[in-house]
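Asks: Shown below is the structure under consideration.
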């Protein structure tokens, strides 16, 4: 048919096929791929690492990339790639430990405050307000400094401070769910308080809590690396991303790639978790 005889597209009519759902979920797939890549690198670090991450070889210090050292060596002659791979395991493990500890406190506290209400809610919220009056990272830094350097002390400092913000979010979520019709119906049917909390409120809050956990995992990972960089977390010669950043600081101008590699690993991991969380947040 001649181009001039084609029927014009009417208002409200689609000019072509709708965009593919696969294309709309591209960020989700990208985030999932990045997360799987990071998790795989950590899980198979003993197989992928070409060298012992703790082996010191002063004769090869600050060496350029080669077949033996694909990303070169640091100031003590240690393989950068091997330390980066093993650092994936430790950095993610610490972040997951903090996340588990934080939510182990914030979920019960948020459920109790939101569902019980009254004096219980007011008492819990006053404690949360006091903790949230200070920036979480600064307060964690102060607690970690009082406890002393070390990975365990840093994990305890984060868990003791960061639960408050998440408990407040979970409380607000519970307050919303309490007003739903199915909660009223469950009460009218004679369901026990425990069954309402676990079978109705907690089950319906699982997805928002999962999204929150995915988003905050990247934040926790970044914060832990920052405090390790300052010397308050994992200590040398531990192969951890924040420690690697701190060790390479004196060589930032002469060998900048020593800071680039762990920095990129942190940025890529945070990006992956954020993209995945954004995809989980969308209802479609």
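Here the Cβ of each residue, glycine as well, is placed from N, Cα and C on the backbone.
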Asks: According to TrEMBL, which listed range is transmembrane segment: 127-145, 184-202?
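Replies: Feature transmembrane segment in TrEMBL: residues 127-145.
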Asks: Are there 3 or more C-beta pairs under 8 Å linking the transmembrane segment (258-277) with the transmembrane segment (151-170), counting only pairs at least 6 apart in sequence?
Replies: no
Asks: Which one of these stretches, 127-145, 209-234, 258-277, has the most C-beta pairs shorter than 8 Å to the transmembrane segment (92-115)?
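Replies: Most contacts with the transmembrane segment (92-115): 209-234.
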Asks: Which residues, given as numbers and ranges, are at least 6 beyond the ends of the transmembrane segment (209-234) yet have a Cβ under 8 Å from it?
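Replies: Counting only partners 6 or more residues beyond its ends, the transmembrane segment (209-234) has Cβ contacts under 8 Å with 90-92, 94-96, 98-99, 102-103, 107, 137, 140-141, 144-145, 149-151, 153-154, 158, 162, 166, 169-170, 173, 240-243, 245-246, 249, 262, 266, 269-274, 276-277, 280-281.
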